[in-house]
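Asker: Taken from TrEMBL, the feature transmembrane segment applies to 31-54, 85-110, 116-134, 146-163, 192-211, 232-255, 297-318, 345-365, 377-396.
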Amino acid sequence: FSFRKLWAFTGPGFLMSIAYLDPGNIESDLQSGAVAGFKLLWVLMLATTIGLLLQRLAARLGVVTGLHLAEVCHRQYQKVPRIMLWLMVELAIIGSDMQEVIGSAIAINLLSVGRIPLWGGVIITIADTFVFLFLDKYGLRKLEAFFGFLITIMALTFGYEYITVKPDQEKLLKGLFIPYCQNCGTPQLEQAVGIVGAVIMPHNMYLHSALVKSRQVNRANKKEVREANKYFFIESCIALFVSFIINIFVVTVFAEAFFEKTNADVNNVCTNASSPHSSLFPNNNQTLEVDIYKGGVVLGCYFGPAALYIWAIGILAAGQSSTMTGTYSGQFVMEGFLNLRWSRFARVLLTRSIAITPTLLVAIFQDVEHLTGMNDFLNVLMSLQLPFALIPVLTFTSLPSVMNDFANGL
């Protein structure tokens, strides 16, 4: 084992791990904490572990064949199933992009103390296109460093919330290692399904299989291929462990502070704190329902304005970073399935336009409730798209005709 070699292979796993930290994930985390307390942490850990195994298969495919998953699909499948697969993956990418737009718009609204309306935040996210293209000019290694910086911001901001709230460590460990959900009903089951859909992103497998190609590996040398597979797996383990810890921060903060709270409880605290957002919580005994927007507001009411702004910075970092991985996924998927080579500018502009249009309409004509409600729908959409990535990954990595001596034998 060599740390120098691990460093050389470090990058693709951290870019891939961003999909485990996008605004859809953060929303799923906080809702599971508020609805089920610490009881669904084992689902998060199980989903992350399964995600790691699938990412390992996707990375192995890229390393061994020199082709990413979409290119292998193009070679192995007939035209009709190939087009169907491409459409399903594109749908997942657009859904993910919508979550990033929603998260960024809400973060901008919170940071501006409501001066920039939600629709203004949606329009501002168009600038992501130009930020991405500007960074892309400086090469992949610089881009990987920038992603590392954004992950660090998320770790620091959500870690600050964790230290401020001080969740019960015994309940945390119990929730992680005891796969049981006492007194759980339909709402908790919905959150459990939402966690799986938010964590395991279908297009992320296409992305990871392509990113590993950025490292030079002599595929004629089995020892080199085996070594690359080893270091990419170690890097993926580290990256997903970091993302898992950040997700735990969010779940446990809301589990400790807001589980079984009523609207009246939060309304009283926000009113006493002179929060301008008190009207978000009607003075009744219904159980508190939170989302990315309300989550920031209640943190501000209970733990001071600093908690609100730090929360918003974390959400903005999540939205900005996942925007770029979504763009890369779209690029590889289109090139692989259709053998089309669009410029990144055209690719970003198309997906961003498709994502922004419905989001902008909701932001203009509806309120924040409907905008964040779209995140729940999009997490379900991700769950429905999963088979269209799982089946090709599991099939191709088990075929000796594709993987040679590195077929997994399942």
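Every residue, even glycine, has its Cβ placed from backbone N, Cα and C.
Can you tell me where each of these features sits in the structure?
Answerer: Using a Cβ-Cβ cut-off under 8 Å and counting only residues 6 or more beyond its ends in the same chain, the transmembrane segment (31-54) has close neighbours at 20, 167-168, 171-172, 174-182, 184, 187-188, 191-192, 194-196, 199-200, 205, 236-237, 240, 243-244, 247-248, 250-256, 258-261, 288-291, 376, 390, 393.
Beyond its flanks by at least six residues, the transmembrane segment (85-110) meets 19, 22-24, 26-27, 70, 73, 77, 116-122, 124-125, 128, 201-203, 206, 292-293, 296-297, 308-309, 311-313, 315-316, 318-320, 322-323, 326, 329-330, 333-334, 337-338, 351-352, 354-356, 358-359, 363, 368, 371-372, 374-375, 378, 381-382, 385, 388-389, 392 of its own chain at Cβ-Cβ distances under 8 Å.
Long-range contacts of the transmembrane segment (345-365) within the same chain: residues 93-94, 97-98, 100-102, 105, 117-119, 121-123, 125-126, 128-129, 132-133, 326-327, 330-331, 334, 371, 374, each at least 6 residues beyond the stretch ends and with a Cβ under 8 Å from a Cβ of the stretch.
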Asker: Any chance the transmembrane segment (377-396) and the transmembrane segment (146-163) are in contact, meaning at least three CB pairs closer than 8 A with a sequence separation of 6+?
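Answerer: No, since the transmembrane segment (377-396) and the transmembrane segment (146-163) share fewer than 3 Cβ pairs closer than 8 Å, they do not count as touching.
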Asker: Checking distant contacts: for the transmembrane segment (192-211), what same-chain residues at least six beyond its ends satisfy Cβ-Cβ under 8 A?
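Answerer: Here the qualifying positions are 11-13, 15-16, 19-20, 22, 24-25, 27-29, 31-32, 36, 40, 43-44, 47-48, 50-51, 54-55, 57-59, 61-62, 68-70, 88-89, 92-93, 96, 181, 236, 247, 325-326, 328-330, 332-333, 336, 376, 379-383, 385-386, 388-390, 393.
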Asker: Using a Cβ cut-off under 8 Å, which residues of the same chain at least 6 positions beyond either end of the transmembrane segment (232-255) come close to it?
Answerer: 6, 9-14, 16-17, 20-21, 25-26, 29-34, 36-38, 40-41, 44-45, 48, 51-52, 55-56, 59, 63, 151, 154-155, 158-159, 161-162, 165, 167, 171-172, 175, 199, 208, 212, 290, 295, 299
